[in-house]
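Below is one structure, written out as structure tokens; the observations come after it.
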């Protein structure tokens, strides 16, 4: 959990200093933010917890977060990070300065055909990317298409989107009536992709004509026009684009154009940039930018190994990983959209097939394409080694020393205070070895035996701690440490920089905030001579009850 702080009179959340309000929505404000260390600008959507609960839109918010976390495309707004406080969620997103396409059309009127085609090509590329990853937007409209400083289109607002499944039909009527397909406003079943095609047709018409094909202040009349599918085609539109519009705005979804049809249309293919529809979409640039890594090291005063470990950990919320992607994305934006392959897609089915990967010598695999690191074993070797023979030895995956515990970036004294509170609540008994090391026991009400464990707080790195759980036996005499400060751990837990804080709302919002990681990160216990029978299970139950209490 993050806390709001003041920075030169301005609100600071995490590493971001908030500035002016960009807009006000149903659930809260969108403010411009600046990363305190890298200086890059972001858009911060502030979602009030109480408001989203009262409006019953928790599912909508979850969908938007899940989808944006999944996507990496040059024409889809990126979600860098979600920061949680007791009162709000802060969605840290890509910032674009050009405003909405809707406002641009209202101000400038219809767009020249060449420019309209360029924007439409970008929009369709993004929609195709969504559909290939089984997501239907369902609320495409000029208000949800943003423009950057170079007049490139970016699709936003995935709150109404749905994941597609084979054989599944959607029936929910959602979105804006002017852009909704006939089957949506009629409440008929629809598969999903075809409703986005209709909306894209309406957007293309708005770009070319400066008006909407179906419009009326009287909603029943508007619905009648949409169901009829009759719209005016101005004389200045050339015949080629007119045929494309008529194909996209077919009332019968079975006769409506598909993305394949649009891509093959002669008007659409003119001046089509190759990066929008790569020939081999399974291949994304699996490279790490050394210059960006060095910049992160300078800004955060950390080592290259720490940055690499953060990227390989696969934790999208890691501060070093977030800063790296901010640098990469801002560089890409400055180069317009020419570096498409730096924005990788979610792993495809062919990723694990070595034959599908063609990595030039000397290039390191991009962390977004890497599976989680695993301990080396005869049956399970890290795919990282197979894909990257040039990986520095210092980053090689070694046989790890596993731990059972919780990782946190809260202050050490705050962590221990929460531990004492939880133990008291559970009726545990404890003995203080030092300020950060406890021996704890609990009596099993059934057997009458005591289950004992050691709790010790380790300093994993300069920003995070590990609260380690260790099973102990009556015969085991723990070595007492004379140190009164948390000790540095050399365990593999340091490779995973998942932040956690103990906040009352974490448990129910775990999937949104990612603020507490009370996970079991290993199963090898440190007991010198563990007893047979139920001792191990009693120990795990004791750990689970403490983790649950800490999460409340």
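Glycine is no exception: its Cβ is also placed from the backbone N, Cα and C atoms.
The following features are taken from Swiss-Prot:
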ACT_SITE  139  active site, proton acceptor
BINDING   22, 23, 24, 25, 26, 27, 28, 29, 30, 45  ATP binding site
MOD_RES   172  phosphothreonine
MOD_RES   258  phosphothreonine
REGION    291-376  region 'AIS'
Nonlocal residues around residue 24 (ATP binding site), in sequence order (Cβ under 8 Å, 6 or more apart): 30
Recorded positions: 28, 258 - member with fewest neighbouring CB atoms within 10 Å: 258
Local backbone state of the residue listed as 'active site, proton acceptor', from DSSP in three classes: coil
Residues near residue 22 (ATP binding site) in space but at least six apart in sequence (CB under 8 A): 29, 30, 31, 32, 43
Rounded Cα separation (Å) that holds between residue 28 (ATP binding site) and residue 258 (phosphothreonine): 36
Other CB atoms within 10 A, centred on residue 30 (ATP binding site): 17
Residue pair residue 139 (active site, proton acceptor), residue 258 (phosphothreonine) - Cα distance, angstrom, rounded: 18
Per DSSP, three-state class assigned to residue 28 (ATP binding site): coil
Mean per-residue pLDDT computed across the region 'AIS' (291-376): 57
